[in-house]
Amino acid sequence: MSDVKPPQHFTMNGNPPPPEFKNPKKPGRLTNHLQYIEKVVIRALWKHHFSWPFRQPVDAVRLNLPDYYTIIKNPMDLTTIRKRLENNYYWKAMECVEDFNTMFTNCYVYNRPGDDIVLMAQVLEKLFLEKVAEMPEEEYEISALTTKGPVKGARKSTIGLKKRPPSPMSEVVFQQTVTVIPPDALHTIPSAPLSAQLTAKLKNGVKRKADTTTPSASSIPSCESSSCVTEPKVLKLFSRRGSGRPIKPPCKDLPESPPQHQVGRRTKLSERLKYCNAILKEMFSKKHSAYAWPFYKPVDAETLGLLDYHEIIHQPMDMSTIKKKMEAREYTDALQFAADMRLMFSNCYKYNPPGHEVVSMARKLQDVFEFRFSKIPDEPKNANPVSSHNRVKKERARSPSSSESSDSESSSPENSSDTEEEDEEERAHRLASLEEQQLKAVREQLQLLTQTPLSKILKRSSSSKSSGCKVCTMMNSLKKPKFNSVLRRKESRACDSEEEMNTLPMSYEEKRQLSLDINKLPGDKLGKVVNIIKAREPLLRDTDPEEIEIDFETLKPSTLRALECYVVGCLRKKKNKPPKKSKIKEKDKDLQHATGEQNSHKKTKIETDGEIKDTTHPSRLSDSSSSSSSSDSSSSDSSSSDSCDSDSGLTEQKTKRKQSKGPGHANKIKKKKYYPVVPLPEQALRQANAEVKDSSSASGVMCQSRPSSLVSETGSKDLFASQHAKHPVEDITAITGIPPLLSPLTSPSAAMPATGSQSTSSSQFEASSPLCLYKDIVLKHADSWTSLGKLATQTPCTIKSSKESFQQFRKVAMEKELTTASRGLVSKHCLTQQPQKAKLECQPSKPEVESAELPLMAAILDTPKAPEPSSVLQNSVDREREMARKREQERRRREAMSGVIDMTMQRDIMATFEKNLE
């Protein structure tokens, strides 16, 4: 329900007449309190934006509130109170205050606690109580020009009150002021009950809304301050409304009068005190008045009925007293000002319970003060604070009124001065102890700040020492003595002690070398460099890591030394890692080639001895085949071995890698003593003619040397698997070189010399033709063998397994075919040139995919070389027919096998591509 009171004429049906505001039978008068309520309180409430529901009486008919006047027996509104004040309806101010309380109580009784109208009433009531607290302490009648005439008997009862000047306002602060009362004021005893009744009424109003959420008058009896309006403003108001001329009160009634004589002798405030004065002005501003008003004035314990206040609080303090001391230049340091402010808050916390409203207000105000005071500028070094002894003397020389205001329990001037001296000495001692504590805290913080970087530097130096020593021991085992001396110099420079790092500056050459070394670092190491610089340089801690610029001239020597130690360690690790990898690669390659060599020895053991194999195997390789085999190995090892050679600087490793690029790379470790240089093609031919007994063994050796130097690891595994076949044609398959079946497709020219070898009648041509074959292949199609090495390294194990299964299937088929073919083949000496010409004529017309398999079929057709020359002789016609039949059969077989091989390779290539995409 709302309590809205729109403007209305009091002639409506259903609404009772408004309360009376003029009663001739009831005597009334005009007092200073009533005048203050009319001119200050009513105006303030009327201007408030929440006052519109309370300006007129409640229109129950319009608002559809039929039970309003049944519940509310005594309605009241601001218009009625205003008219009563204008017509001198009230005899004293307490009657008007009761009307205000009735208006607010009616709102609380009729409406629910959470309604908007209730919250508006609470805000207005708080404003009303603040204004009433600023009202003068004693009430007396004044002559009003607007009134028709004084009421009978009023002059007799207010003769003494008329001559009385306005007394100081009732103030709720920490410090009680002793006011000098003139002799004629002793007859004004009836004014004291009025103050007591006003206080009691305020307390009653507080109890009524103690459960509300907004601050109320409950804070007044135990609060630490009261008003925002200063005393000169009220005096000016009284002089303006009383008579036509201002009233000058006696100087003895104004406690501010003694310090006024010192205005001409004021000294200039320091920067810190100016900042404190600004803080004080801000706390007096309207911005903080909602929770700072209880601390504006000293606590009036007698008026508020706080009889035990001065028994608990021995040193009261308030913001007005602090302001007076600031204006009187009694503060020589900002710490004294802060001590008084904190004393004021501590008194509030000490006297009031923790859950009291004024305690929460004090906490809010103290938070504001501490936040502002923490930003106070630093004190200059040449500023010397005044000694506490001189400060105590200055405090003693103050006016009697200010000394009396600091001691509320004194009954005589002597006791007051003694207590004040003790308080000042205690305060000076407390300030000295606070200064010592602050200095001690600052000292501890400085020690922590200085010790933390040192501990971090020591940890980094110890870690760099250990890592540097490990790197040094590893490098000593690899480098030459001359290089070791350079390493020792760098290591001694990197492992210097912390004292040397801090004191030893870095020369220009060292800075230039450090800059070059930092540029050599990889990208992942540069982040650590930035972290080292930020940890040691306070000015660079807030910079962006992506846009940081390093100037070595501005960095500290310790930072440069730490960077040097870190960079040297990183570069050493970078140099040590590549040789290890190259060694491992070389060992793996040696083992692989040695295994392939042993397998080749086992396969060819039937034809020749092991010793002859070891001595003739490398010598039968031509210079062209060595260049073809080196093309694959050099392409795969150039990226790693070249970089390692340039970094390590070891001549032994360079020579080893150069030798590894030759044709005997597979068995260079075992046979380096006997064959340091690869023989020329002519020497290979001589050794072949001298040691090999027949052409079949020579061709078998050549076919075997080819896969050992050109085919990858897959070919060696297939060779090893093929030697276990228990078939009579085992020697033939080993000699003809089955592993080339897994080699990539080659050009048609690769098979032409091999086919021609069948029709040769001399063994010399048979021995020399394979050499020419390999020479032509190397010179014309070296790129195909390079792609073979790349393909072998890229294919996964799944492709190898599929090749192995296909190889086994092919081997069985080939063995079966060769067994049937060997029965009807004739010797090589009786072959004519006609089949050779026919073969050469039909080969260029075949497609490229079909001709790519000619080397494989050539190896199959070389099988007649395996049987002994003393085979069964047949007629020439039968031989020609058999050869023609064989050609046609092989052609058809080639066509079928070429399609199968293409499909398999295509499938394997697609599978590899999909895996790489994943």
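The backbone N, Cα and C atoms fix where each Cβ goes, glycine too.
What Swiss-Prot annotates here:
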| type | residues | note |
| --- | --- | --- |
| COMPBIAS | 605-617 | compositional bias 'Basic and acidic residues' |
| COMPBIAS | 877-896 | compositional bias 'Basic and acidic residues' |
| DOMAIN | 267-376 | domain 'Bromo 2' |
| DOMAIN | 496-578 | domain 'NET' |
| REGION | 1-26 | region 'Disordered' |
| REGION | 241-267 | region 'Disordered' |
| REGION | 379-430 | region 'Disordered' |
| REGION | 575-712 | region 'Disordered' |
| REGION | 738-764 | region 'Disordered' |
| REGION | 862-899 | region 'Disordered' |
| SITE | Asn111 | site 'Histone H4K5ac binding' |
| SITE | Asp116 | site 'Histone H4K5ac binding' |
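Mapped onto DSSP classes, the domain 'Bromo 2' (267-376) shows 76 helix, 1 strand, 33 coil. Counting other CB atoms no more than 10 Å from each candidate's CB, the recorded sites Asn111, Asp116 peak at Asn111. Summarising model confidence by region, the domain 'Bromo 2' (267-376) averages a pLDDT of 90.
The compositional bias 'Basic and acidic residues' (877-896): residue composition by secondary structure is 20 helix, 0 strand, 0 coil, according to DSSP.
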